[in-house]
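Note sheet for the following structure.
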Amino acid sequence: IHPYFNLPDFTQPSPPSTPPSLPSHQRCRPSDATKGLLVALLGGGLPAGFVGPFSRMAYQASHLPSLELLICRCLFHLPIALILKLRGDPLLGPPDVRGRACLHALLNVLSIGCAYSAVQVVPAGNAATVRKGSSTVCSALLALCLESQGLSGYDWCGLLGSTLGLIIIVGPGLGTLQEGTTGLYTALGYVLAFLGGLALSLGLLVYRSLDFPSCLPTVAFLFGLVGLVGSVPGLFVLQTPVLPNDPLSWSCVGAVGILALVSFVCVSYAVTKAHPALVCAVLHSEVVVALMLQYYVLYETVAPSDIMGAGVVLGSIAIITAQNLSCEREGQVEE
């Protein structure tokens with residue numbers, strides 16, 4: 001047959017066209033830093049943004065003390081002991097790292113306790129702003145001094161930009177503190193928020209030094225255990241226990257416990273994949289969520305400086321995330 005008459009049979013369905021598959025050494029997957037920052041953003045920052053406003057709602061509805069709220073949150077961590085038992089792992093971790101694991105839990109309990117106390121006297125958005133800002137700056141300084149971990153120019157730009165955004169948000173409020181008892185309590189709230197951020201950065205640094213199987217569930221369980229041991233006596237000595245008597249308070253307590261547990265696990269995972277200062281900077285998304293809930297749910301005033309600062313924070317998070325969005329070849333062997 002003449003080649004010009006060798007035509008395809010159009011009556012038969014053509015096989016589906018498949019794109020040519022790349023060789024295994026050319027396929028890309030997200031890098032560890034990319035995965036860590038995305039987990040910190042979606043699983044750490046966004047859920048944590050609801051914790052502050054919900055804590056304030058529980059306090060406004062039932063005057064729930066901060067230590068009692070911390071105890072309720074710690075109770076959500078205790079069932080993780082079942083996972084450790086099923087896997088046959090010690091509840092408190094291996095003996096050689098048990099001290100550091102307990103120190104990590106203690107630092108996180110102090111951080112959360114300071115945050116819950118601050119949010120009762122300071123607007124939720126401002127408390128989250130000071131806590132996240134101090135944790136970012138302290139994480140960067142500690143990583144540079146103790147771990148000798150450097151940051152790229154884009155990372156420093158995003159880090160400084162997010163810190164500038166936080167200053168824009170909280171600066172006008174600090175300059176207009178009232179005199180007398182109200183102003184003293186407000187200033188104390190900001191100090192507690194700062195100390196909470198410092199404790200958070202120290203806790204993340206300690207967690208990065210832990211390396212053993214079942215590290216994440218172990219530290220999550222220890223957080224609940226240490227929090228209960230320290231908070232229950234303090235509740236009866238320093239504060240008056242309150243039993244919530246309305247569905248709103250119970251709903252807020254349950255939401256705080258679940259969302260905080262998700263955020264704790266995601267942040268602990270993210271800090272093992274990316275620089276702790278970058279993780280803290282991405283967690284500034286919590287501030288934006290808290291400000292939105294502060295305005296739309298709590299009906300508290302959001303100043304123009306808050307909106308401007310939130311925009312700067314979001315832009316800085318975009319810079320950090322875009323700079324660290326990279327892929328690794330699947331066939332590549334890391335040296």
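Any Cβ shown, glycine's included, is placed from N, Cα and C.
Just so you know, TrEMBL annotations are computer predictions that nobody has curated.
Annotated in TrEMBL:
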type	residues	note
TRANSMEM	36-54	transmembrane segment
DOMAIN	37-170	domain 'EamA'
TRANSMEM	156-175	transmembrane segment
TRANSMEM	187-207	transmembrane segment
DOMAIN	188-321	domain 'EamA'
TRANSMEM	219-242	transmembrane segment
TRANSMEM	248-271	transmembrane segment
TRANSMEM	278-297	transmembrane segment
**OP:** Kindly report the helix/strand/coil residue split of the domain 'EamA' (37-170) according to DSSP, in that order.
**Re:** 110 helix, 0 strand, 24 coil
**OP:** Could you put numbers on the helix, strand and coil content of the domain 'EamA' (188-321), residue by residue per DSSP?
**Re:** 106 helix, 0 strand, 28 coil
